[in-house]
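Down below is the structure, laid out as structure tokens.
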């Protein structure tokens, strides 16, 4: 296939590396870094990110076992932790691919231990403590201490880590997060007094990496900051000098002149007030570009801002380029990123549609190739359909 894309997400790997370097600068020298690359690296591409960061981080954090298997099949040997739930039917794969599992119930640990014994392998786990998120995790109670003590006696089971997750770390008021940290440390100390030594304790997410150095502990989990985005506007952005890694580019595919009173897109929700020049962009909500940007958002063409007019369709949307001379088919369009002195951030788009940066980058669909750059040069592409075509050609 010819390598021309109607839309592409350009990923700056130098920015990714810079962001992890900033995390490293902001934590203790002996604190490890887990790069959280779940959800295909927050939409940026997990394998490419793991490759770029292989010499900069100590572990990878994921959400589901399939993400871990993908990394193992790609040749990565660093520790991988599933931060959430895995069905017991997939426990054998945890052992096959040497993936660590979060445990938050005794029965999970017992079943995993039994399977490990039957296979003659060692299962690795991190124990999750609920200190205020109320999602998954043992309560920080004396009863839980005894349960974890029983887990520690199970054969063929290695307790690598103990962790919790902060619910409100991205808020300016740190009262809640400090209470969670205190509860965790008290609980961890009780385990130690019961003779249960767990080597890696980790609580810090992106927001607390920025604002709460006392939460570094043995390892931090670098999530959204890895990708050059801040977890909220309430954190101290001067702590980490982040570089956004993702830009979203397309091209003009059609330009037409229309008269005043012309309806644009579905249901003619936008009517031109004067003679106008309208350009069509071949991107839509099927690509993860929000429909809520209809007659609300903007893009950049020739380094200038132009408004979206009418409804964003599944595969296309229109912009008014009347005030920009000589717009033609093939001209580059910036949906997210910089063009000249103008820029559109993922946060701007998120605010317009009532979402947030995490969600929008994860929503960029598989129809959008990820094109990777390093030192200004293209170094790789992740194209779902091109890869699928190659697989099908091998099968036919």
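The backbone N, Cα and C atoms fix where each Cβ goes, and this holds for glycine too.
Going by TrEMBL, these are the annotated features:
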type     : residues : note
ACT_SITE : 38       : active site, proton acceptor
ACT_SITE : 266      : active site, proton acceptor
BINDING  : 135, 314 : substrate binding site
DOMAIN   : 245-373  : domain 'Alanine racemase C-terminal'
MOD_RES  : 38       : N6-(pyridoxal phosphate)lysine
Other CB atoms, at most 10 A from the CB of residue 38 (active site, proton acceptor): 19
Pairwise Cα distance for residue 314 (substrate binding site)/residue 266 (active site, proton acceptor) [Å, integer]: 11
Residue 266 (active site, proton acceptor), number of other Cβ atoms within 10 Å: 11
Residues of the domain 'Alanine racemase C-terminal' (245-373) by DSSP state, where helix covers H, G and I: 24 helix, 50 strand, 55 coil
Cβ neighbour count within 10 Å of residue 135 (substrate binding site): 11
Residue 135 (substrate binding site) - helix vs strand vs coil (DSSP): coil
Pairwise CA distance, residue 38 (active site, proton acceptor) versus residue 135 (substrate binding site), rounded so that it is a whole Å: 18
DSSP three-state assignment for residue 38 (active site, proton acceptor): helix
Alpha-carbon spacing, residue 135 (substrate binding site) to residue 266 (active site, proton acceptor), which is rounded to whole Å: 41
